[in-house]
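**Q** Below: one structure in structure tokens.
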Amino acid sequence: MNLTDSALTGGDIPLEHWLIGISLSSTALIVIGLYIPCIMAFFDKDLRSFDAYTFMLHIGVFDLIQAVMHFISGILTIVPYDYPKHSFDWIFGGMVEAAWEGYISLSVVLAVNRFVQMAMPKRVDQFFSPRLIKLYILLAYLYMLAWLVVFYSNACNFVFNKNIFLYYFDFSMPGCGLAYDINGNSAYIELAIMAVCYTGTVISMKSMLKEMRQGTAEQRNAHRHEIRTTLQLAFLFLLHLLIMGTWTIAPKYITMTPYHFFAISLLWIILNGSNPLIYLLFNPTIRSKIRALAGKTEIRTTTVLQFRSDI
């Protein structure tokens, strides 16, 4: 398949591009709409003191940045290239890729947090003190910033390819090949770390289940809630693994058409929206806080939140 957009430079946009562009932007708007109330809930004074919600807040920021850039990609799919060609591609493409890097790096920290909480609960304060949590979050933003510097330099830029509906490395630039390799390999390493952590976390749940039988009613409720939330995060990791695998493997084994690329792009936006969807469907604490923000009666969560169980 021709991966250039030379066929679209005459200003005529096919109907399929209108439909695909509207679909991409609409899906991104849905993701943004799902995330905003979750982000607002994470600022609740009760939730801000718990590790997992703190990480989920900043993971949400990275997700929102990506969703906004995907919304713009839908617009770029529709508009003709009569405007100065690729004038803003390097800005939007670099931002979405850098936000992804920040997102996955902080997701690794959250996976480690879940493992320590389940396997070594007595060491939680040692590895995830309030000061260290702030440091981990700062490093994630600095990691994103470092990639932005690379992507906004003269070494590597992005272009938006209208034929495949996504931002793509401009391999005509000297540093893009190296950046592409580092980008892909680091993602594999981070996913491997997450896989190890969540596997260990699930195995370690046996000991927490044993503690549940020996603890008080309040402790059992806290442990039960934490296990449920950890399983939600493990499911989200598996979803990430599935979509990233599809993104990486599919082009190698099937003849990609524009519709295949559209499906992959849509999956990536859905991946951004999977976090708030799972939160809203299966996390009663977040739903309770959102209800309170909407002026409705808040469901009491004191039993869960009075423990330093991160959830």
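Every residue gets a Cβ built from N, Cα and C, even glycine.
Taken from TrEMBL, the feature transmembrane segment covers 20-43, 55-78, 90-112, 133-152, 187-209, 230-249, 261-282. Here TrEMBL flags 33-279 as domain 'G-protein coupled receptors family 1 profile'.
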**Q** Check the transmembrane segment (187-209) against each of 90-112, 133-152, 261-282 and return whichever range has the most CB pairs under 8 Å.
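**A** Checked against 90-112, 133-152, 261-282; highest Cβ contact count belongs to 90-112.
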**Q** Taking the transmembrane segment (55-78) as the first stretch and the transmembrane segment (133-152) as the second, find out whether 3 or more Cβ pairs fall under 8 Å, excluding pairs closer than 6 in sequence.
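**A** When sequence-distant Cβ pairs are counted, the transmembrane segment (133-152) touches the transmembrane segment (55-78), since at least 3 lie under 8 Å.
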**Q** Taking residues 6+ outside the transmembrane segment (230-249), which of them lie with a CB under 8 Å of any CB in it?
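**A** Distal contacts: 52, 107, 110-111, 114, 117-118, 184, 187, 191, 194-195, 198, 201-202, 205, 264, 267-268, 270-271, 274-275, 278-279, 282-283, 311.
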**Q** Can you tell me which of 20-43, 90-112, 133-152 gets the most C-beta pairs within less than 8 Å of the transmembrane segment (261-282)?
**A** 20-43
**Q** Taking only the residues in the domain 'G-protein coupled receptors family 1 profile' (33-279), give me the average pLDDT of this model.
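**A** Across the residues of the domain 'G-protein coupled receptors family 1 profile' (33-279) the model's pLDDT averages 84 on the 0 to 100 scale.
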